[in-house]
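To start, the structure under review is shown below, and the notes come after it.
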Amino acid sequence: MANTFLCTRCTSKLPPALPVLRQSVKQKGWCLLCMFLAPCAYQKLCQANQVWKWHLMSRSYATLSKEQKEKLASGPSLGDFIDGSIEVEEERHGYTGKLVKEKGDKRLRLPPWLKQEIPIGKNYHKLKTSLRELNLHTVCEEARCPNIGECWGGGEGETATATIMLLGDTCTRGCRFCSVKTARKPPPPDPNEPVNTATAIAKWGLDYVVLTSVDRDDLSDGGSTHFAETVQELKQRNPKVLVECLTPDFRGDLDAVERVAKSGLDVFAHNVETVERLQIFVRDPRANYKQTMAVLEHAKKVRPDVITKSSIMLGLGEKDEEVFQTMKDLRAIGVECLTLGQYMQPTKRHLKVAEYVTPEKFHYWEKIGNKLGFAYTASGPLVRSSYRAGEFFIANLLKDRRKGETDH
């Protein structure tokens, strides 16, 4: 066999190595496997492999046109990438990419205002470690929220917030916008979760905590008792901590709604998610527009002093008049706080983004919300229902209300 290589170490007959690599094994006459088994020979092999890579790169560079070579020469250096000094041209001169999905488009490109930095920081890692130790879940992680680093970071002069997801990490419903796991029969709730949650919050020193949960249609009370117990444990350990409950609809069970509303929370939140026309396409069929309105209305009825709140996602194909009507409907039932944010497709299996709404349009909806009488309207591409909850509510609503109570 002319095209074979005889190893002098293992006497195997094998095809020859790559031309450059073969030069490195002629000294000993070993095959590549034997080279890997010998550290000194392996080092020579790596060096030869690096030469081969540079040969390929130089050959590719030689085929570039003169204009392409000039562009490479005048472009940013490696140091520019490392220190983050490169400016995005689209951010400097305005984004000109497509924002509305048309028929035949597979996916819209993410505009620059939706790009976030990788989460880092001591607070971030401290919270994440504590969550794992106490077997707790957060919607920040499960729903892949883009603001996780900012909210968990907190810092001096800022409010650190976290959104704890109760009743496990598996939902009984399958909304087409949500990346949380689903199952018909999730594992039973952890009976120690209320105590573990309160312990974690006390350890972290959070000013504001949001409690939310997956839908648990398999439980007789929808998990409302579990919600109430967690709130009571939190308030018992730290009466000053502000607690928001972002609840499911409990299948429309108003007794369950009342149980949570009267648990001692500060904010009762339930999201309408989208306009009435798109409900059937976006949410699980067991959720609907009227049921959501009934939940929010009843919470305000049994606790007139509690702050009620809801959230709308934009970019799903809604029309301006539909968004306006939804906002009017929420105000009509006494909802005081509203958040509007950009829908972002979590995975390829979920609903595609129909439109990337510009920051200017979000500012427009903020002004509309204020005109309609919402006590606070948080509207922006990266705003989420519990995004910077502490700053939004502590600074704007609860502080003013407590001041008013003191004056009286």
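Glycine is treated like the rest: Cβ placed from N, Cα and C.
Summarising the annotation, TrEMBL assigns [4Fe-4S] cluster 1 binding site to CYS140, CYS145, CYS151, SER386. TrEMBL lists CYS171, CYS175, CYS178 with the feature [4Fe-4S] cluster 2 binding site. The domain 'Radical SAM core' feature in TrEMBL is assigned to 154-375.
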Q) Since the record lists CYS171, CYS175, CYS178 as binding-site residues, which of them has the fewest other Cβ atoms within 10 Å of its Cβ? A) CYS175
Q) Whose Cβ lies within 8 Å of the mean position of the Cβ atoms of CYS171, CYS175, CYS178, the [4Fe-4S] cluster 2 site, other than those residues? A) ARG173, GLY174, PHE177, SER179, VAL180, THR182, VAL214, ASP215, ASP284
Q. Any idea what the model's mean pLDDT is for the domain 'Radical SAM core' (154-375)?
A. 92
